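Annotated in TrEMBL:
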- 75-109: repeat 'PPR' (REPEAT)
- 145-179: repeat 'PPR' (REPEAT)
- 285-319: repeat 'PPR' (REPEAT)
- 350-384: repeat 'PPR' (REPEAT)
- 529-623: domain 'DYW' (DOMAIN)
Amino acid sequence: MKCLSYQNVRLLLRHCAHRSFLHPGKELHAVLTTSGLKKAPRSYLSNALFQFYASAGEMGTAQKLFDEIPLSEKDNVDWTTLLSSFSRFGLLVNSMKLFVEMRRKSVEIDDVSLVCLFGVCAKLEDLGFGEQGHGVAVKMGFLTSVKVCNALMDMYGKCGFVSDVKRIFEELEEKSVVSWTVVLDTVVKWEGLERGREVFDEMPERNAVAWTVMVAGYLGAGFTREVLELLAEMVFRCGHGLNFVTLCSMLSACAQSGNLVIGRWVHVYALKKAMMMGEEATYDDVMVGTALVDMYAKCGNIDSSMKVFRLMRKRNVVTWNALFSGLAMHGKGRMVIDMFTEMVREVKPDDLTVTALLSACSHSGMVEEGWRCFHSLRFYGLEPKVDHYACMVDILGRAGRIEEAEILMREMPVPPNEVVLGSLLGSCSVHGKLEIAERIKRELIQMSPGNTEYQILMSNMYVAEGRSDIADGLRGSLRNRGIRRIPGLSSVYVNDSIHRFSSGDRSHPRTKEIYLKLNEVIEQIRSAGYVSDLSGLVSHSEGDLEEKEQALCCHSEKLAVCFGLLETKPRTPLLVFKNLRICRDCHSAMKIVSKVYDREIIIRDRNRFHQFKGGSCSCSDYW
């Protein structure tokens, strides 16, 4: 070490940071500390060590080293490094607090600092802090910087202030391709695809991000053919290769929309690209592989998700979490528990791992396994978070152990949030615990007075208890306040196109055929034993029974399945996506439809997947 100059040591640390050599960098840190060289005046070794840890994401150590550096030896680069590292590794509030400290200590603010600040505000959708940053940029003359203006526009766009984005864009003397892309992303998000396509066509130059924005927009709207046309133009005619960022963005859009057709196209593209690059494995491969695992699971193909997972040469904790979450959604809780021992030999679990484990136990009715997972948190150096308590309350509630769930909730170190309370209220509804439900409802109304779901759930419970007068009062109160229930929407993919239905929908071009098929299906499943389940409906009078049965028959998932039966060949699986939880009546009907028509029907509702086959469901009627 004596033969190395301070400059050479700093170069070594920068090399470790650049190459992500964490272990050698830590060894060098130990040598510098034990030898006393780290404290040598004007050596700037602490600065180099701080920047090494910041680049590696070891933010606790980085913050400690940063605080130890004398203020006179901290330059603008050190402050900006910490600011951007907080942002990059998700410590967004820390980044904002640091910016305030920089202003208080009169640290020089540059364009990099402002770009970082606006990026943080965009992620948090914090308009107030972003506007203060805007004021700083104006005062210091940074609105001449295209990079600062682009970040500022992105912040306003993420917060939904389209007019501000357009105003700043129009005032720009130099409009870069990034400037245009920010405007495009804002317009697609807030003004729709049609207006977004107009901006896209106006762009003098398009980068891969702009193409991805349009592809993701069409994906979300279900326009598969348009997506394929855009991808063909983007990749084959314009020569924009898909890098790992755009691949992951597209796979994420496929996962959200359930578009397996495009998801498979992206997978094939990624495989071909990997073959062209040879056998070299990079961290990017892990990111794309993880996105594929997530996409296949959320598109209903858990077998392909598992296959991709097993073929990955490198995996990290995010990969494992994606697989566990997917398996949980598909009701494969036992498989998650069995694979957990394999995971801990490979990576260290984090908070999201435990959430996925508990979710798997919840969806599979595995109460004791859930308790074991919850109590093992500290063994892995983790502290129970609100999400973990929410999962345990859900596990106990689903199993009918409502009183035990409430006790656990009251013992939480922090007050229960809307998720925890809502989960317990749902369990009270299933198991008829009206007294506890009333207590929970009062707390929920204080938290979220505009949420209709809780009120409707309570009205259903009152009807079940024979107290229709109270139920009618609740519904009347909602109507008087102009509050409407979120409509149920179901989507089905048929012939590479998405078809969406709402309850009682008659807007589809083939409505007449769909309703004729619906009548046939209802007649067939009634012959096989189907009886309408009215328990989830509030009855205002005895005379509207037939009307309510008709309303049940026209639920969105039933219409989507009938259209699928019309348009696909016999024995073709049907995949339906619903925005709300599937009701008990539709769940019962789909089991019989799968048997009568010899079809596998997969429905992804708000909570999980239901795989109906041969008259039964993968959830074993536990959801």
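Using N, Cα and C of the backbone, Cβ positions are placed for all residues, glycine too.
Curation plays no part in TrEMBL annotations; they are all automatic predictions.
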Kindly report the helix/strand/coil residue split of the repeat 'PPR' (75-109) according to DSSP, in that order.
26 helix, 0 strand, 9 coil
Positions on the same chain near the repeat 'PPR' (145-179), where near means CB under 8 A and six or more residues out:
111, 114-115, 118-119, 121-123, 125-127, 130, 133-134, 137, 185-187, 189-191, 203, 205-207, 209-210
For the repeat 'PPR' (285-319), could you work out the same-chain residues 6 or more beyond its ends whose Cβ comes under 8 Å from its Cβ atoms?
244, 247-248, 251-252, 254-256, 258-260, 263, 266-267, 270, 274, 325-327, 329-330, 332, 346-350, 352-353, 575, 602, 604, 609
The repeat 'PPR' (285-319) [mean pLDDT, rounded to integer]:
93
